[in-house]
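A.B. asks: I'd like to ask some things about the structure below.
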Amino acid sequence: MNPAERISELTEKLNYYNHRYYMDSVSEISDQEFDMLLKELENLENQYPYLKLPESPSHRVGGTITKNFASVEHRYPMLSLANTYNEQELLDFDERVRKGLNGESYEYICELKFDGISLSMTFENGVFVRGVTRGDGVKGDDITNNVKTIKTLPLKVKIPPSITTGIFEIRGEGFLPYSSFEKMNAEAEAAGEESYANARNAASGSFKLQDSAEVARRGLDAYVYQFLSDEEVFATHEESLIALKNLGFNVSQTWQKCHTIQDVIEYIKEWDEKRFSLPLATDGIVIKLNSIAQRAELGYTAKSPRWAIAYKYKAESKPAILKAVTYQVGRTGAITPVAELDNEKRNGKGIHLSGTTVKRASLHNANEIERLGLRIGDTVFVEKGGEIIPKVTAVDLSKRDMFNTQEIVYPNTCPECGAPLTRKDGEANHYCTNEKGCPPQIRGRIEHFIHRKAMNIDSLGEGKIELLYEKGLVKNITDLYDLTYEKLFGLEKITEDETTGKVRKVGFKEKTVQNILDGIEKSKQAPFKQVLFGIGIRYVGATVAEKLAGFFKNIDNIKAADYETLRTAPEIGDKIAQSIIEFFQVEENLELIEKLRNAGLQMAAQDEVKVIEGDQLVGKTFLYTGTFINFEREALEQKIEANGGKVVSGVSGKLDYLIVGDKPGSSKIEKAKKLNVKMISEEEFMAMLG
Ligand SMILES: NC(=O)c1ccc[n+]([C@@H]2O[C@H](COP(=O)([O-])OP(=O)(O)OC[C@H]3O[C@@H](n4cnc5c(N)ncnc54)[C@H](O)[C@@H]3O)[C@@H](O)[C@H]2O)c1
Ligand SMILES: [Zn+2]
């Protein structure tokens, strides 16, 4: 490949990864791999400047603004940071600073590099008015309502007296603490939804949700690390950090002043392991010049300040012995192979990696085992980078001993129930075929049934369900409604955590029993859409269940619907329709529904109470495109309907009004123009309401 081809390939790849990372909150490769590719591109571009492409990611901040929020121009651009993974480049940075300051003395402030998303928070007269993402560095998404869910962010503070304009801005990192991240992923898994690979992606995805109530539930937090205003308020960064803390902002107390680059290197070493005891993900250290005046002397490149640099920790990789492969069975029957690992002394203590003990790592599926070419007894490399879940990255073939290692034979029967496994075309996982009798599948279905978006019985959980199942009290979801105080009181189970060895006791005393029974009783009031989700028809997630409930109104209509009728419901495609038909063909499923009905569960949708505000829009149809200042999408639809109007799903000649917001969709606009549909602004719409 010649340089031109490589430059074009790297540009395209990096732009793609940037898009996935910033828009979709997904990392398809590790940060380290990304940074290496970017460095390679930068080197090539320096060598062959005339080959640099206009869309090159090398001189731009990586993010973009989205269509889902109003976009806001930053008062001060939000830049990135230069980064490095090695000490020499840190020394080079120090050398550049020294030269740039012409012999003046200087000092650094070191901070941890928190791994979340940058936030800009504006205060006017001491009141928090706006929270914005970094976006493309010039403009960002207005996510004020989501930022407001951060409990540690004071919404009103005293303003420093030297600020005459009344306006100042705070910058910080919005993040999801590990504890919230784990909780959120456990819930997502229970609901059969996709989980995030790491806390940074989960934070990024959460800050960009439309529903602020859901954002609030996720438990986001933020650390504040920068103060900006038109007036010069602080002479040093240190002063500003102390002042921010005193004003009530959440400033991580892990920062430190360093007088030399050697002190900086000490700080880096100190936090290499210690950072894993922090409640959030960190991926490095940020080194910043302390003096604000000296910062101005050094200035900026197009992408980052010259007075700061990020040192990023390399993902730690360690050898381990693959003792065995075990197989886990999930709710859907999917089999996951797991590597059982130990250290090279084989003393059962596992390996110590990035602050935690590792004894197991997921191998995902049979293909992955094949790709890695694993044998039992191999020495393998285990890595834990930004992801908190360790992974096996390769076999150390130099240590391979053919006589003392064994081939891995993928099982063809279920390790839990012995039933045969199948693997559908195009699927990576094997599945246990014994849907009705396989214990983890049964327990999984019950866990799904009590999920927050289903029957919402939060007084039950995994451990309790396991106990009820083992005692033979609950073998399927309908058994929950036969539980009584007598059956539950006094049940007990002691479990030992395999990795930590911690002993945990689940015991049912008076209060626990009462809570469980109350929770079950309350679930009888859960709306039909939640019941429909809870019974666990394949492919019928919470959203599909809501659509079905809204369209068919009750379970009998759904049961009676044939394929064509099902397909007329909104967003019900072939796969879902087939799955519903199949579900209602099974006799046991029909019995299950009758039992739930007899237990008193809601099998029909209650008529929604429609709010009526006026009749100004009666007889008129509306469609909207873009984002609006006064409404989220749902609120806008409600407003139209509450005033007698109707929201339609596409532009047609019959459409009366297209309401055009910020960043409208071009296809809707074009179609509306062609069909002469009247287009109105948000203000004009408000005026129609009178
Ligand atoms: N894996 C992928 O596919 C992929 C794709 C794109 C980008 N990335 C990663 O993202 C990086 C680029 O992101 P970036 O431009 O935001 O740079 P960056 O994350 O390396 O550094 C800048 C950011 O650091 C954050 N930060 C955390 N703690 C800070 C502190 N104490 N002081 C100041 N800032 C602090 C701020 O949000 C700031 O915007 C890449 O280097 C790469 O590692 C990964
Ligand atoms: Zn099984």
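Placement of Cβ uses the backbone N, Cα and C atoms for every residue, glycine included.
As annotated in TrEMBL:
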ACT_SITE  K113  active site, N6-AMP-lysine intermediate
BINDING   D31, Q32, E33, F34, D35, S80, L81, E111, R134, E173, K288, K312  NAD(+) binding site
BINDING   C414, C417, C432, C438  Zn(2+) binding site
DOMAIN    612-690  domain 'BRCT'
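Can you tell me where each of these features sits in this structure?
C.D. replies: DSSP assigns K113 (active site, N6-AMP-lysine intermediate) to a strand. Just so you know, the Cβ of K113 (active site, N6-AMP-lysine intermediate) picks up 22 other Cβ atoms within 10 Å once every protein chain is counted.
A C-beta separation below 8 Å, combined with a sequence spacing of at least six in one chain, links R134 (NAD(+) binding site) to V61, G63, M78, I117, S118, L119, S120, G140.
In the three-state DSSP scheme, C432 (Zn(2+) binding site) falls into the strand class.
For the domain 'BRCT' (612-690), the model's average pLDDT works out to 88.
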A.B. asks: So which recorded positions out of D31, K113, R134, C417, C432, C438 are up against ligand 2, CB under 6 A?
C.D. replies: C417, C432, C438
A.B. asks: Which number gives the other C-beta atoms within 10 angstroms of the C-beta of D31 (NAD(+) binding site), all protein chains shown included?
C.D. replies: 20
A.B. asks: How long is the line from the C-alpha of C414 (Zn(2+) binding site) to the C-alpha of D31 (NAD(+) binding site), rounded to the nearest angstrom?
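C.D. replies: Rounded to the nearest whole number, the Cα-Cα distance is 37 Å.
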A.B. asks: Quick check: with C414, C417, C432, C438 left out, which same-chain residues have Cβ atoms within 8 Å of the centroid of the Zn(2+) site Cβ atoms?
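C.D. replies: Leaving out the recorded residues gives V329, G333, T413, P415, E416, G418, A419, T433, N434, G437, P439, P440, Q441.
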A.B. asks: List the binding-site residues E33, D35, L81, C414, C417, C438 whose Cβ sits under 6 Å from any atom of ligand 1, in sequence order.
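C.D. replies: With ligand 1 as the reference and 6 Å as the Cβ limit, the list reads D35, L81.
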A.B. asks: Rounded to a whole angstrom, what is the C-alpha distance between K288 (NAD(+) binding site) and C417 (Zn(2+) binding site)?
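C.D. replies: K288 (NAD(+) binding site) to C417 (Zn(2+) binding site), Cα-Cα distance: 58 Å.
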A.B. asks: Under a criterion of Cβ-Cβ distance under 8 Å and sequence separation of at least 6, what residues of the same chain contact C417 (Zn(2+) binding site)?
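C.D. replies: Residues satisfying the criterion: V329, C432, N434, G437, C438, P439.
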A.B. asks: What whole-number Å value do you get for the CA-CA distance of D35 (NAD(+) binding site) and K113 (active site, N6-AMP-lysine intermediate)?
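C.D. replies: Each residue's Cα considered, D35 (NAD(+) binding site) and K113 (active site, N6-AMP-lysine intermediate) end up 16 Å apart.
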